[in-house]
Amino acid sequence: MAEPAASPYSTESVAFRSALDVIRGVEPRVADAITQELADQREMLKLIASENYASPAVLLAMGNWFSDKYAEGTVGRRFYAGCRNVDTVEALAAEHARGVFGAAHAYAQPHSGIDANLVAFWAVLSQRVESPALAKAGVRQVNDLSEEDWARLRADFGNQRMLGMSLDAGGHLTHGFRPNISGKMFEQRSYGTDPATGLLDYDALRATAREFRPMILVAGYSAYPRLVNFRIMREIADEVGATLMVDMAHFAGLVAGKVLTGDFDPVPHANIVTTTTHKSLRGPRGGLVLCDEELAEHVDRGCPMVLGGPLPHVMAAKAVALAEAARPEFGGYAQAIVDNSRALAEGLLKRGTRLVTGGTDNHLVLIDVSGYGLTGRQAEAALLESGIVTNRNAIPQDPNGAWYTSGIRIGTPALTTRGLGPAEMDEIAGLIDTVLSGTTAAPAPKGGLSKAHHVLDAAVADQVAQRAADLLAGFPLYPGIDLS
Ligand SMILES: *Cc1c(COP(=O)(O)O)cnc(C)c1O
């Protein structure tokens, strides 16, 4: 990813070392923690599907005085004076986002993926509930509504429906589930996958949509290893009068890199698209909303509707990351993510590992660890002991629920950034299989087997961890940065 100059005198080394010296002068323990975090990340075999490594340019764009600035409003229309440089970076972030994704409009202010979704939900409510109510009352803004009309509008906000992918099929909490605010705002129903194939069941989804008639149909996922056909999604949305919202938080990098095109590119099909910028897109932690012309003015009300002041330093980093994503090399990176994911899946399948849907078409693989007689929690802990960082995840119809689970989700964006390729993925599949085969559920205190605890021979764990470390040593993380 970065320049190969692994010298303490390289530009990158000097930049980060100097920054750490400045921090050390105030609170040395923070400087030490930052230094240690780099060392830890360099040692981790990171298969967390939602994580990545942002470039030094992205990281440095965040660490500066842009952080000091309040800039509520939109580019050129701020509630604070002195925003011309914030305007520059926010306009650049939006311009690059429109270019990379081919979107009519982009809004770069959301602080995170959940915030991007809140902006999107309220943009749709603004367009489809608030605007008609204002027009009917013959007023321009909510402050001009009578108490009675306002009370009715508030009730109407709370009476809308959302249809989203179920959690155990790979959907996200922010798609209308009760523990999240989205589930408290909307009456929600879920669609899922075909129990026989594990694939999205569009016919069942269409039937549910016809019956339920949601205002918002949400597509997108955190743990579905296959492609989603957004053309069909839009057809279904149009048929029932729903707005199609796609949350591409996980796979935005594959869209930016033109690996997902045609029916599988959400941008031409959806009315509104949300994403994080820090997952496969490899930018700073943050969110982004893309939309058609009709929704643009509603999306731009995100701040102050649901967001506080924007984070100008993060918008600067988004502009840098999106400029990186616009380069031809990023297409190669995105393709390599998928090639690696396929190699990982094939490596597991040939060793007899059960995968949800039997494989992958994107950046992630969902292992059904019940084949090893383990819960996801046990598998996650055993892998961690062996130097492999993953996360447990529910699988469709999971008998162990959302806490213990029966799945392990693994993804390739981070290791692909480090430069690992299909041969390494095959070897990693072997390491995973070695650990899971060597792990057993611990006996439960009251008899039977524990769902939480496991037994793994320390020699096996050490051997795998050593091999993982050797493998990573060939692919240095941040090769241009030497803090010694
Ligand atoms: C990660 C994720 C989010 C939330 O992103 P945050 O930046 O953590 O708020 C939202 N939706 C989906 C589908 C995600 O995968």
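Positions of Cβ are set from backbone N, Cα and C atoms, glycine also.
No curator has checked TrEMBL annotations; they are predicted automatically.
Owing to the predicted nature of the structure, the values given are computational and were not obtained by experimental measurement.
If you check TrEMBL, you get these features:
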type	residues	note
BINDING	LEU167, GLY171, HIS172, LEU173, GLU293	(6S)-5,6,7,8-tetrahydrofolate binding site
DOMAIN	26-127	domain 'Serine hydroxymethyltransferase-like'
DOMAIN	160-432	domain 'Serine hydroxymethyltransferase-like'
MOD_RES	LYS279	N6-(pyridoxal phosphate)lysine
SITE	HIS278	site 'Plays an important role in substrate specificity'
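Counting only same-chain residues six or more apart in sequence, the Cβ atoms lying under 8 angstroms from the Cβ of LEU173 ((6S)-5,6,7,8-tetrahydrofolate binding site) belong to LEU167, PRO179, ASN180, SER182. In terms of Cα distance, none of the binding-site residues chosen from GLY171, HIS172, GLU293 sits within 10 Å of HIS278 (site 'Plays an important role in substrate specificity'). In this structure, the binding-site residues that sit close to ligand 1, with a C-beta under 6 angstroms from any of its atoms, are HIS172, chosen from LEU167, HIS172, GLU293. A distance of 15 Å separates the Cα atom of HIS172 ((6S)-5,6,7,8-tetrahydrofolate binding site) from that of the residue listed as 'N6-(pyridoxal phosphate)lysine'. Across the fold, the C-alpha of GLY171 ((6S)-5,6,7,8-tetrahydrofolate binding site) and the C-alpha of the residue listed as 'N6-(pyridoxal phosphate)lysine' stand 16 Å from each other.
You'll find the Cα of LYS279 (N6-(pyridoxal phosphate)lysine) roughly 27 Å from the Cα of GLU293 ((6S)-5,6,7,8-tetrahydrofolate binding site). Taken through DSSP, the domain 'Serine hydroxymethyltransferase-like' (26-127) splits into 60 helix, 9 strand, 33 coil.
Counting every protein chain shown, 22 other Cβ atoms lie within 10 Å of the Cβ of LEU167 ((6S)-5,6,7,8-tetrahydrofolate binding site). Taking the Cβ of GLU293 ((6S)-5,6,7,8-tetrahydrofolate binding site) as reference, residues of its chain lying under 8 Å away and at least six apart in sequence are, in sequence order, ALA104, HIS105. In this record, (6S)-5,6,7,8-tetrahydrofolate is bound by LEU167, GLY171, HIS172, LEU173, GLU293; the longest C-alpha to C-alpha distance in that set is 31 Å. Mean pLDDT for the domain 'Serine hydroxymethyltransferase-like' (26-127) in the predicted structure: 97.
DSSP assigns GLU293 ((6S)-5,6,7,8-tetrahydrofolate binding site) to a helix in the three-state reduction.
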